[in-house]
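What TrEMBL says about this one:
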- 49-64: compositional bias 'Acidic residues' (COMPBIAS)
- 519-572: compositional bias 'Acidic residues' (COMPBIAS)
- Cys96-Cys99: disulfide bond (DISULFID)
- Cys433-Cys436: disulfide bond (DISULFID)
- 44-172: domain 'Thioredoxin' (DOMAIN)
- 383-530: domain 'Thioredoxin' (DOMAIN)
- 1-23: signal peptide (SIGNAL)
Amino acid sequence: MARMSRIVLLALLGTLVLLGSMGHLVANASNADEEVGASELEGLVSGEEGGDGEDDDADADESVDEKDVVVLGAKDFADFVKSNKYVLAEFYAPWCGHCKSLAPEYAKAATALKDSGAKLAKVDATEHSDLAQEYGVEGYPTMFFFVDGEKRPYNGGRNSDDIVNWVKKRMGPAVNIVKSAADADDVLESQAPIVVAYLESVEGADADELIAAARLEDGVEFHMTADEQTAKKFGLDKKAPALVLLKKQNEKVATFGGDFERKAIGDFVSENKLPLVIVFTRDTAEIIFESDVTRQLLLFANPEEYQKIRADYEEAAKSFKKKITFVLVDLADEEVATPVLDFFALDSEKTRLLGFVAEETSGKYLHDGDFSVDSLKQFSEKFLAGELTPFRKSQSPPKENDGPVKIVVSSTFDEIVLDESKDVVLEVYAPWCGHCQALEPEYNKLGEVLKNISSIVIAKMDGTKNEHERLKIEGYPTILFFPAGDKSVEPTPLDTERTAAGIVKYLKDHVTHKFEAPDVPEPETEQEQEQEPDIDYSGEAEEGYPEVDEEAEQEVEEQVTPVEDVDLKDEL
């Protein structure tokens, strides 16, 4: 799956947590910055404050007994996961604080499971970067569960009990045997999608293939029967082996027509288990954004309006299965709808349709036509072909912008940042970002020190509320330098100490218009900061940054499912 899709998911989940509508959050933390997506349905992410790579080092237990954890590398990984029926593998980085926090729990789980037939292994992804890239590792720690060499993501908890219970569930009976018509009636009462196979025998090669496929699928109940009359209760009147997928939503029956082997069965189930239109909720968010389908259409509508266009929306969806995921965001469910609307900078007054691409070339596209089948199909076809004009969000420009640090929004980006006569330093920040808040006093000092240098502009932009085609933001804060005289070139990330003095020194060496550097006050020592802290997180925030919500931070810390941020461009 594309890295951007994962980033996108993380941020939106983070937003929902912070607004109180979700029970979990994936926080991205790095040794330096907090990761976001370039167009970030996830740049909302995260509330972080869940810990970062370096800060967590001191808390790590260096005496972890990992005697039952198998250490693997590029040479033996593939053979190991193929030769052992059940393998849980962790890709980690030695510097990663979240990995260190996981280590004792992972070791306990390995010991608890050592006699069960399941093996727990780990791979240093910084040492075996090609292997990590091969398996699509997007953050640290990343865990995969292998059954007979077939990979699936681990999405359980991070304590030893959670790990043990999750693995044992995948090792237990994966397929229920339906012995009679009465049993079939009970199965048909299920609200979840069900897969039913009619086999000549509930033991043997066909049963083994079905069981292997079942172990790799979540959210679907698998059943099998060798009784002809029972099979007919499920509409299975073909010669064995035969298989159907049944669900309560539209397209209630899907009949399998491929070779009866695990991959073909798994692909069939993955393609057909979801409804034509998925209602966006905390439970479906991961399904939507972790799918291999990286393009989504999000319809924002209240229930009354949706009923008017439902048939056309579902009919259009049939033509784009496995190409576009059709989603409904219920405007009546404010806890879910509000953060999504806010992220896309949409109002909640009218029905809107928006296309979203969750990959490296991510973008957002507004539909401005009616909601007939033909109009929806035409929009979807152009969406797939890349023929639509992106929609970019922007805050309104501030009424006054005379401070030493200029406020930039999307609509003023060209005027301020791309002014050929100015050397411009731009900080792209997120209001929730702890690193951004820690940087703020020094950045404000930088603006004060250089405010009388007319050739230099010190500016900042809220990256969660503004976008621009010249920006590809992967972490907060990002500080970029745009030299005067050639704004057509890519901006340069500031590779210097993040202090006013450090940035001034950098500018002296890199600006187009040379200047006489004024004296820069030294940063306060840790002792001075303890006496007079620059940032009061419990009080009023500095201008330009919102207050930190301590309750939200605490909730994030308690509910977080951490993924250590890592820049794979460097590591892999």
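Cβ atoms here come from the backbone N, Cα and C positions, even for glycine.
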Point to revise | Summary of DSSP states over the domain 'Thioredoxin' (383-530), given as helix, strand and coil counts | key: 43 helix, 25 strand, 80 coil
Practice item. With DSSP as the reference, give the number of residues of the domain 'Thioredoxin' (44-172) in helix, strand and coil. Key: 45 helix, 29 strand, 55 coil
Exercise for review: Fill in the CA-CA distance, Cys99 (disulfide bond) to Cys436 (disulfide bond), as an integer in Å.
Suggested key: 24
**Study point:** Separation of alpha carbons, Cys96 (disulfide bond) and Cys433 (disulfide bond) (Å)
**Key:** 19
Study note, to complete from the structure: Expressed in Å to no decimal places, the gap between the Cα atoms of Cys96 (disulfide bond) and Cys436 (disulfide bond) is 20
Check your understanding: Counting all other Cβ atoms within 10 Å across every protein chain shown, which of the disulfide-bonded residues Cys96, Cys99, Cys433, Cys436 scores highest?
Key -> Cys96
